[in-house]
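Structure record follows, encoded as structure tokens.
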């Protein structure tokens, strides 16, 4: 096992040297990262192929393009994101400088997941570097090829001391979590999320937890089913269903269930051809353990389509289950595989109730031609994110925060939100040592007059139209100070 | 702040405390608080939802308990009042209360802006109506001077309330965001969703402000709230428990009283957000409990706030501003300057100026001054008195156990190894640690846990900026103390050991709000989407890239 204390200690020493703070340094590191992705694209795609049987275009769209986009956005916007943000002042602080400074947190830990082993490490890393932190990177050991590649490539392109990569499984991660970090971003399961947060609590470390959950997908009767089902099929079976924001199950009226099945079947044929197993665009389950888990979910269910499995290659065909009971096992845990159960509900009210009775999901999808209905579902439920009339797509928009709520996680990232997640917003007020006259009102001994003045100076937000008020406040201040002085001299007599 | 609640007390002492408290309580059987306090520990807390009879005629909507839970439209969940699941058999005395609030939240009644505004306005009435009671209660608890209480407990809360009421409609609005090429026809926005049922645990040092300011944000964001005031500031706790329910909707907002055992039981319940103000050790306990339910937390903790005074500055003004910040509320302020760092020469110059400032503020005998507070409890008093042995007492140092009075005290030549430098002082004692120059001061600060606030004084703005840039802290105030927290436009919160999360003004609203990324797509133009569907080809790849990729400025040709 690598010596975790030493690795984190080295990163902390490198951070304390202050070299990760200048903007130029951060942008240089991001540029190096961009160069890495461009130069080593073949190696990255090969690793993804080996881990998850992701074909070239698939891996490119799902993992590489997103990273390049995030890098470009971050490098362009970083100077404006990192600039101090002046804030409104009140009358008492009108002459001062008040702003929010964006500062790095220190040493950050990023724990990646195996389902998108490249992008789920790289995207947080980009934000953490941009914010000026040292970053300890821990890729998932399940996707071993990508993990090995990252451990090999990152030190070649980035500052070795500031951004170490740690390899290993549960024992190594457990050891790593005993170290003190200044922020932890973890992507993975709800159960491990609790362990990570409990470990973080020992050091009072803030956490961002990107967890999963059963993301519901409601299809209204008033809806273009062909289009809806094509979009759902794309999102559900992408990466063999191993996507944290994949639609987990469908809620629809019993009367359209048959049509939904037909449309998805047709789309599957369109996407993967007659023989799914031989399609280059269809992935495999990551390992035997997950294969067995997903396969067991099929037991006792009405299989409307698919259901074929092959243990040797961890293949599970795109599968649709109909008339699924809410109490069945497949509705109890996140599926994380190419199995799509349909639960029928009689109305949108019932669908909303169904969603609200369960833990808050990471994503929520609603399909309808009726805008009001979509708005209603969004307003009356809670979830990490929402896409109406499509699936997954809110993830691709870096101007939207991506993250869960409740059991699907806490905190958010992507684009500017990543930068903010890994930054401390420091309240800064730089005052003038002079002008003591104005400050006298707050010092003891107290008088009622002072109290009223304090109210005037503090309650009112400063604005140009209030200059007159300010002048009158000054006059009152003068008056009360004069009163105080003369009163004081009387006393001393 | 150290030991802001009873958590760190040894269990035997704790028991003693509770027994003695119970006896004092049972002697005042006439008080309605009595009923409340006893009910909470002994009986399921559903009963405490009933509104206490009081003189105010608040016109709050949906005040009758039980009835309102399912009255407004909404999800259809939680119709009528929810039966008390798990009241006594499986033990948790607060399960019924929390599930009642959750049912109210699910009914959707806290979501409309009008509702939130009505509740916030009721809080404003609470502050106006109970101003005198608040001043009296804080005076009873820690001899808080009325100016200080007015300034810190009422004025700052009114400020927050007004900022929130003025901006709420703006804050609540969906925030529309930039889109990429394929999504030009869609609507992309950030929805400001309430979290659900949140818990606010307040400390004793500013017993009104530190529960009210988070409460304002939690209500504004549309949550249901359980408030747990500190049991140490007894009079204020009683005031809150007795009167708050007369102003707020009791189906959505509840006050729970009690000490460590009660808080422990309360924390077993699932909340959607926990906002805690107190000490780092208790912060760890809270966060560990929150981890069990994956509940996000804001922890407002304390720490030793350094105050660096450079050689070039107006000594009189420095002394005044430091003395004001240190001795405000008898030093029991989490952002008070905890210790001074300066050169030997500066220490010499500061001493007479500090003496003068203290005399000017509190007269020749601070004990008689109506403007100087007292220590909250005997335990705190004894802890503080033990710190007086550090360095040498240059000013003050007088104590009176009966009154829990400690004079404004300055300790000179304190060593980093002295007791006063090992813990947050949280009392009217100001140690001066002598350093050789600014670099040494910065090293001194950086060698310790990151503080909640950091202060630097100098006529030379370069020096102030250097200290700012080369250190890390929750907040920073140059050439003054405490003042950065009076601006609702600045985030207030710690970093590292001094806490996590931030609040005040819009930041409080954001703290209690889930920022939900929403994308509403159009069903048409399916051809535009075809590049992303399998089977994949090189051509599709190119199309996908051109529509999705974010390009560096200057290289974009398409838009």
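Each residue, glycine too, has its Cβ placed from N, Cα and C.
Because TrEMBL annotations are produced automatically, they should be read as predictions rather than curated entries.
Values in this document were obtained by computation on a predicted structure and should not be read as measured data.
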If TrEMBL is the reference, give me the range from A:23-50, A:51-78 marked as coiled coil.
A:23-50
When you measure from the Cβ of residue A:210 (active site), which residues in the chain that are at least 6 apart have a Cβ under 8 Å away?
A:113, A:120, A:185, A:186, A:187, A:188, A:244, A:402, A:403, A:404, A:409, A:411, A:413
Please classify the secondary structure at residue A:210 (active site) using three-state DSSP.
strand
Tally every other Cβ atom lying within 10 Å of the Cβ atom of residue A:244 (active site).
26
